[in-house]
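Enquirer: Before anything else, here's the structure in question.
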Amino acid sequence: MLISSIYTICLFIITSVLAIPPKEGSDSDPAKQYLVTDLPGLHENIDDDFKPIMYAGQVELFPENNTMYFFWKFTDPKKSTDSAYSKRSIFWLNGGPGCSSMDGALLETGPFRINQDEKVVMNNGSWHKAGDVVYVDQPAGTGFSYTDQGKWLHDLPDMAFYFLKFMEKYYEIYPEEIDNDIYFAGESYAGQYIPYIADAILKRNAKLEEGQKKYNLKSLLIGNGWVSPNEQSLSYLPFFIENKLIDKENPRWMELLGDHEKCQRIVDGIDSKFDDKELNPAELDSNLCEGILTKLLSATVNGDGADDDQRCINMYDFTLRDSWPGCGINWPFELKYVTPFLRNDEVKHDLNLRVMKTWRECSGRVGRNFNAQHSFPSVHLLPDLLKQVPIILFSGMNDIICNSKGTLQYVLKLNWNGRKGFENPDAKLDWIHDDKKVGYVIQERNLTFIDIYNSSHMVPYDLPEVSRALLEIATNNYDIRDVDETNQNLVTYPLGVQKKGKIEVNPPSTPSSNDDSTTSETSDSQPDTVSSAGTSAEAETETEAEPTVNKVARLIQLAVILIVIWGLYLLYASWRARPSPIMKKNGGNGRKKNVQWADQLSRFEEEADASQLKGFFAKTMDRFRTTEGQGSYARAQSDDYIDDIELGEGIGETQLDDFIIGSDDEREGELEQPTHKSGNMDTDTNKNMKNSSNESKNKNTV
């Protein structure tokens, strides 16, 4: 009977372990181990038709230094297999350097925003409806990405090498996506990242090794990009003047004008040696030019009784105000919800973190180390990239730090595809989206410049649906509409609507001969709307796979229940069958008898009474607890033993939450030079504009 009981217990344990529903994908499919099935607010705030399929986790790149990149991927389960969106992968990067792309996921282009209850709510302008979007925390150490101390990256080519390693690992997890069209999008210092990554991809494609597949790079979208640092900084004073933020009556006007002239001389020196193959030291030192913005913000502080949060111009949206010396670091205000959301242990578990580090919007340690002192600014890469890849440079018109004026300045100096700058920069097309004028466009020779009205440094934060239409421009899904003999509009449509071909407001009596040439192959078909019923193969696969998994799990669970019942029955039968006579025979000698003392008889009676009060389960557990060979007199556990159990529990409660050392090195809470990151200042290194003279040694980051 004892052997039977042990067998039953072992079988019960093994079967129970097998019956624990695994995280979907812990089988042979590597993708499923990254599946995200729950988040705070997901099931109560997000409509079923809108819920994306999500994958997230830390992918190991280099085991020797524990480098892992965190990604969060969103895909639309309702997309049609014949839709252009079904074979599109969009990699989104935020800036810094050292600022997390979770800003993009939860404040800009992702399907969710975070509310004051720290739960997800819907973002109706999510880009995942136009293609799979993958948000990546990089370089190593940014956001939820991780690396060993002292293994920080320093230069742009190294960053690109690491990112291609991430792509290699990513396509090992999702091999079915390797033939997808690839788009890179991002903002701020991503204006340095994206061109370098694109250049590395094109070089890889040109020298494929055996077994490698080409990456189908289709387009780059750079928003308010930090592409040509000194040229961008040269635009600050003209921008302030143009928008009536400062005038010649300001007490610091002459000081500001002097710095602007010095910056102009630096830029002139850079331009004279732009085509040199050697790095220009003047181009690597942008402290003087960048310092102009710090002085402009200081010179325009409102001290005449203004509220504390209204004293300084917001450098990311000049129509807004902030406290001094923040000048924008407290914006967007939803960041105060995003930070605790991503620091929630439950959320970290939902996102499949292997290293439970504390999330920071921007890492000062990463930013300080990534100084790019051996890298050409990415503006030098644009001419060669434009030979092969279309590039969109879009700007929120209200941004100061990476404003559209600075972008146009470096574009007009750039030589690409046989000519310099835009031949006719005044030939602007009004951008009409969903029958509203949202900006203007200049297009020539694979380069598109877009200035977007009523938007900030973070265009998708302000205008999510308009920002999503940038992908329609990137994929040529737009119409050119004649307004009159000299003016035209660029027209995009709501999600899922295909372009109609060339439309004229006052068409002639006979159709234009070139109408057909502007119509896409899909324009003759009915508008391709996203079906709410969902007809994609991926959605069908998910729908069909889940019931199968559930059925298997239920069968295993049923088997476990039957085995448990059987085991309990055997244990109960064993308990009922134990010898009960007062005089017990000794198994070793049939003639000798073991006499029970009177106090023992009383104890047996008390136990019998107690056992009658216990239920079936309690009796069974008593059977488990009975010590073999000691009967009712099994030795009680000592106090020392109990203390050991408590000590063991205490030791087991380890904390692995924060792999970023909270030391002076992080300098969290310190304010420095204004930063060029996506949507905020580098909260660890660049928050003190009052000490700009000393802190200007640190690179102002986007």
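Glycine too: its Cβ is placed from the backbone N, Cα and C atoms.
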Enquirer: Tell me which residue from ASN446, ASN694 Swiss-Prot records as N-linked glycosylation site.
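Expert: With Swiss-Prot as the source, N-linked glycosylation site is noted for ASN446.
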Enquirer: For the glycosylation sites ASN65, ASN124, ASN446, ASN454, which one has the sparsest Cβ surroundings, going by other Cβ atoms within 10 Å?
Expert: ASN124
Enquirer: Would you list, in sequence order, the glycosylation sites among ASN65, ASN124, ASN454 whose CA lies within 10 Å of the CA of ASN446 (N-linked glycosylation site)?
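Expert: Close glycosylation sites: none.
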Enquirer: List the Cα distance (Å, whole number) between ASN65 (N-linked glycosylation site) and ASN454 (N-linked glycosylation site).
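Expert: About 45 Å separates the two Cα atoms.
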Enquirer: Please report how many Å separate the Cα atom of ASN124 (N-linked glycosylation site) from that of ASN454 (N-linked glycosylation site), as a whole number.
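Expert: Taking the Cα atoms only, ASN124 (N-linked glycosylation site) lies 18 Å from ASN454 (N-linked glycosylation site).
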